[in-house]
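S.K.: Next up is a structure, given as C-alpha cells.
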Amino acid sequence: MAATRQDTLPVIRNLADFDPHSGNGLERLVFNHRLPFLLCMLVATLVLGFMALTRLELRPSFDKMLPQSHPYIQHYLENRASLRGLGNAVRVVVEHTQGDIFDPGYLQALRHINDELFLSQGVDRAWVKSLWSPAVRWTEVTEEGFQGGPVMPDGYQGAAGDIEQLRQNIERANIVGSLVARDFKSSMLVVPLLDQDSATGKGLDYHAFSQKLEQLRSQYQASGQYRIHVIGFAKLMGDLIDGLIEVMAFFALAVLTSLVIIYCYTRCIRSTLLVVLCSLTAVVWQLGIVAWLGYAIDPYSILVPFLIFAIGVSHAAQKMNGILQDIGRGTHRQIAARYTFRRLFVAGVTALLADAVGFAVLMIIDIPVIQDLAITASIGVAVLIFTSLLLMPVALSYVGVGRKAADRALRIDARAARHRGFGRLWDLLDRFTERKWASAAVLAALALAALGIWGSLQLKIGDLDSGAPELRADSRYNLDNAYITQHYALSSDTFAVMVKTAPEGCLQYPTLILADRLAWELQQLPGVQTTVSLANAVRQITAGTYEGNPRLNSLQRNQDVLNYAAQQASVNAPELFNNDCSLMPVIAYLKDHRADTLAEVAAVARTLCPGQQQCRAPVPAGRRQRRYRGRHQRGGTRGQPPYVVAGVPGGHVVLPGHLPQLARNAGGDPAADAHLGAVRGADGGHGYWRQGCHFAGDRPWRGHWRGLCAVPA
C-alpha cells in the first residue's frame, strides 16, 4: 500500500497555491491536460471494446498443443499426410441400455448417427470407421481362396438372417474390443477430423462440432433406450468452451468480491467503483489489442483476464489509498493525485514491467498455446501502466473521495503510528530487521528450500490420473472415458513409432521383423493394451494364403510372399503404411496417459538404439542380397536396424527412443528412418489384426508351405 506516514510533500489546501509546472514531464503532460487525456482514454476504450466484441475469437487448436520445433513432433507434422488415421479424432460410443447391438432398432439408430457424423463439417470422411462403414471389412480363407466384404451385410434390411450374418461378420473381422464392446452392448464410431474446415478453409470450429455431438446425444438419449459416450480432443475443447459460462460467473463473483473488500476498507462508494472500473478497462484493452493483433483466445488463455483484473485492482488500490490519506490530511484532491503519482509511478512501472518480462519468459516454451498465453498476459500487464498508474489518479483528481472516508483513513494511519491496530503487525515485521530474527528467517528459508529440492525429485511429468485433467473426475467427459476404457480394448491414448524407409522398403523382411519385435516388446508392458503394425497383418495374411497353416503365421523371408500379403493388407488396413510403402507406424495403445505409463513406454523405445537418432545400414541388393539371405539363415548377425524415434500421446511430452537390439537376427537392413508422432486421441487402431483372417474349416494342411521357413524364435 501507499506510505502511511506524512512525507516531505507539503499539505496544500488551495489549488491556487500549487505550482502546476512542478513534477516531471510526464506528470505535467498528463495532469495539466486532464480532460484531453480522459477523452483519449475513453475513445481508446470504446474502439478496443468494439474490436474485442466483433473480432475476438475463441479458437482452440490441436496443433497448438504440440511443441512445434521439437524434432519428433516435426517428424509427425512432416508425415501427417501419410498418417491420416492418426491425430485428431473423436470416438463416439452408442450404448444399448436395454439389450445388445444385435437389435434392429439399435442398428438403425447407429446408422443415422453414422450418417450425421459422416456429413458433418470438418470430418475426414475417408477414415471414418463404424459398423456401417464399408472400410470395416472381414476376411475369410476358404478352399477357393480369400473371401471378404463389409462387416455390415450388403442389402441389410434388419431381418433375423441379416442380424445373424452381422454377428458372424463381427467375429470374422475380429473387431470385438475395438469397434464393438466386449459385452456386445455398444459399438464405436471413430471420426478423424481435418485441421481445417473444408467448406470455409478456416480452422475447425470445435465449439460447433461439440454442439453437434450434444444434439445427437440429446436426440438419441431422450428415449432412455440408448446412451452416447464421446471422447476426443474436439469434445474436450467443446466442454471447456461450454464451461466459459461458469468462468464468466466466477469473473463476476471476483468483481463483486473486490467491490465488497475495497468498500469495507475505504467506506467510499465512488473510489471503490473507480478502482474496479479502471481494472475492468484494462481487461477491455487487453482483449481488444489481442483481437487487433490477430490472436485468438483458447480455453487456456481465457483465464488471463482474471489475472489482469487482480493485478489492476492491486495497483489501483495503492493509488486510491495514497490519495485517500493525502486528502485526509487536508490536501486538495487534484494535488493529492499528483503527490501519489510522484510517489508511486516509478515503483508501479517497475513492478508491472517485471511482471511483463516474467510472462514474456514463457515464450521460450515452444508450445504455441503457452506462447499465446504469454503474449496475452504481457499485453495485459503493459496495459495496466495506462489504466492503473495513469487513468486512476487522473480520474480521482476529478471525483476525489468522501470526507468521512478520508478522515477514517487518517485515523487508521494514526492508530498504526501509535502501535495499535495494524501497527502491531508492522511492529512484528520490523523485528525481522534484527540479527536474531533475521538469522531465524534465513535458516527457515534454507530449510524450506531443501524441502522443495527434495520434493522436486519426486515430481512426475505428465498427467497423474486417467481421463482429462482439465475437467473434474466426475465430469461427463471423464465418465465417458472411463466407460470406454472399461468396455473396449483400445484407448484414445496412443504411442506411435513411425518407421521410414526408402520407397517400397517397408515390405522388406528385415524392416518387418524389426517392427514386429518392437511391437512385441511394447506389448509386454503393463501399461500397453495392445499394439498394431503392418507386421501383424502380413503374418495373418501369409497364414491365410496357405490355408491357415499355423506354421506360416509368421513373417516369411520370401519377398513375393511379403508383397502379396501387403497388397491384401492395403485393402483392409490402408492406415498401416503409406502409398509408396516408405512409412509404416507401429502403434501402441496405452491404458492411460499417466506419467508412469509414459515413462515405461518411452524407456523401452529408448533402449533400442541408445544415444543416437539414427541407425542406418545400406540396402542389400543383387548378389549381396543373396549373400545376406544365406548369412541370415545360417544365424548371421551383421547389420543394423532402422531407427525409430519414440514419443507419447497428447503432445505434452515427447521423448527420443530407438528400437532395442532385439533385431540382431535381422541381418543387413534397408536404410530406414522412423519417427514418432505424439498424438492424443489418435485413430489408426483399425488394422488388419482386428479385421483379420478367419480360417474357415478344419482340414488337414496341404503342402503349399513347403520350402518356406518360419521366423526363428
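Keep in mind that glycine also has a Cβ here, set from the backbone N, Cα and C atoms.
Heads up, TrEMBL stuff is auto-annotated, nobody curated it.
Pasting the feature list from TrEMBL:
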type     : residues : note
TRANSMEM : 35-56    : transmembrane segment
TRANSMEM : 247-266  : transmembrane segment
TRANSMEM : 273-294  : transmembrane segment
DOMAIN   : 276-398  : domain 'SSD'
TRANSMEM : 300-317  : transmembrane segment
TRANSMEM : 344-365  : transmembrane segment
TRANSMEM : 377-401  : transmembrane segment
TRANSMEM : 437-457  : transmembrane segment
REGION   : 615-642  : region 'Disordered'
COMPBIAS : 623-635  : compositional bias 'Basic residues'
S.K.: Over the span of the domain 'SSD' (276-398), count residues by DSSP class, listing helix, strand and coil in order.
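M.R.: Across the domain 'SSD' (276-398), the residues distribute as 108 helix, 1 strand, 14 coil.
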S.K.: For the transmembrane segment (300-317) and the transmembrane segment (437-457), does the number of C-beta pairs under 8 Å, pairs 6 or more apart in sequence, reach 3 or more?
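M.R.: The transmembrane segment (437-457) and the transmembrane segment (300-317): touching, no.
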S.K.: In terms of Cβ proximity under 8 Å, which residues at least six beyond the ends of the transmembrane segment (344-365) contact it?
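M.R.: Distant contacts of the transmembrane segment (344-365): 2, 26-27, 311, 315, 318-319, 322, 371, 373-375, 377-378, 381-382, 384-385, 388-389.
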S.K.: Could you give the mean pLDDT over the domain 'SSD' (276-398), rounded to a whole number?
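M.R.: Averaging the confidence scores along the domain 'SSD' (276-398) gives 91.
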